[in-house]
């Protein structure tokens, strides 16, 4: 029963949780575009107030985390209370819209809704960051697919159910999290920084996160063009149909990865058996997210160019928005993997790279795009075509710079002739030596990278591990081979290569 609960509760909770990311599904229902509240005699959009409060509370939460020394962990009472508060905020909002309460109650309802959103978001981030592998990846993919198919189908088929689903979403998400927790007191998470480095995230990982965020913000521009009415045409249910297809492919890819890891490698990319795997066959979750990013980026650019070529933002625009939403999913996966493998506290990581990114994307879609385009595309500061071209230029420039920096970081940086010759030879560790010295697959990879001139930091970046972990592997290699330096290791590699 306990195992079933650990599977069902996360799926149910995350099914409703993913609805948060589709602005029109939850927050767009509570605070529709065009609805206003009076502030000192001036009208201000309700969703603008919501986004500002979300931004402010996120910064306060980040400040509180730093003050607590980075050891704060959400408990069942806190999460349950925040989810109840979130539902209360949604109910108050519905009552105001029905005329039961005065409009001034909107301010309180927005505050309560934001508290519920932040509590649920950070709770599930903490849950998946405590231990993240192929099984958890499949759970997320199933819930993402169900959220798009089931919740959207219910909202479209039974319009009267949409307000009920919206108001109950915070409570369902929070209760599911509580049910998914083990019995007894939740152990306090103890995370330490990697030794030898004062940074939580290395430069390579930062660039990968930056690539996701850049595409999310760029896609938010196209989402704003469509959702705020600047696209003159529409095709009913087109985005939903495309979303079902893409989310189905995502689920298939995650199940395939789980199957491969179960029968060949584990969630960290290590060999499951004693037989070493080649570099080509090893794929960590971090590498999987990078591959999926490339596929979704191609889909993203295809939609952008289709919109420009055909002069319509209907088909191409919806493709861009769906690709952008899928990148939201994989950014969450990437952050969970980084928090788990890099021993990083999930609260600041998800506050900065998750919640603040999401709020910024909503600001772009529903505040900045209408502000730039004006009441109509012809009267605004920029035309639709100019705005889309600027987005494409920004993305292309960012991608070129990001991969340029990655390419430079992967170049060997040493004047030692032995390192240069080893880098050119790119020798591989003979299988008989692997058996003789009882080397693990990860140690084989470290040896090969060292022999190509990689520094300890670059080895860690290449293998998606911390610098301290790479150093531990290096010490184990030196002990097994009875050597004391990298140059001796390179000499061993040359001996093995010449012997072949």
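We number each residue from 1, going along the chain as drawn.
Using the three backbone atoms N, Cα and C, a Cβ is placed for every residue, glycine included.
Caution: TrEMBL annotation is automatic and unverified by curators.
As annotated in TrEMBL, transmembrane segment covers the listed stretch 44-65 rather than the other ranges in 44-65, 264-285. Long-range contacts of the transmembrane segment (7-24) within the same chain, counting only residues at least 6 positions beyond its ends with a Cβ under 8 Å from a Cβ of the stretch, are 117, 120-121, 124, 127, 136, 139-140, 142-144, 146-148, 150-151, 165, 169, 172-173, 175-177, 179-180, 227, 325, 328-329, 358, 362, 365-366. Counted over residue pairs separated by six or more positions, the transmembrane segment (205-226) shares at least 3 Cβ pairs under 8 angstroms with the transmembrane segment (288-310), which defines the two as touching. At the 8 Å Cβ cutoff, the transmembrane segment (164-184) and the transmembrane segment (77-100) share at least 3 close pairs (sequence separation 6 or more) and count as touching.
Only pairs six or more apart in sequence are counted, and the transmembrane segment (238-259) with the transmembrane segment (316-335) gives three or more Cβ pairs under 8 Å, enough to call it a contact. Between the transmembrane segment (288-310) and the transmembrane segment (387-408) there are 3 or more Cβ pairs closer than 8 Å, counting only residues 6 or more apart in sequence, so the two stretches are in contact.
Note: the stretches the transmembrane segment (44-65) and the transmembrane segment (137-158) are not in contact (fewer than 3 CB pairs below 8 A, sequence gap of 6 or more).
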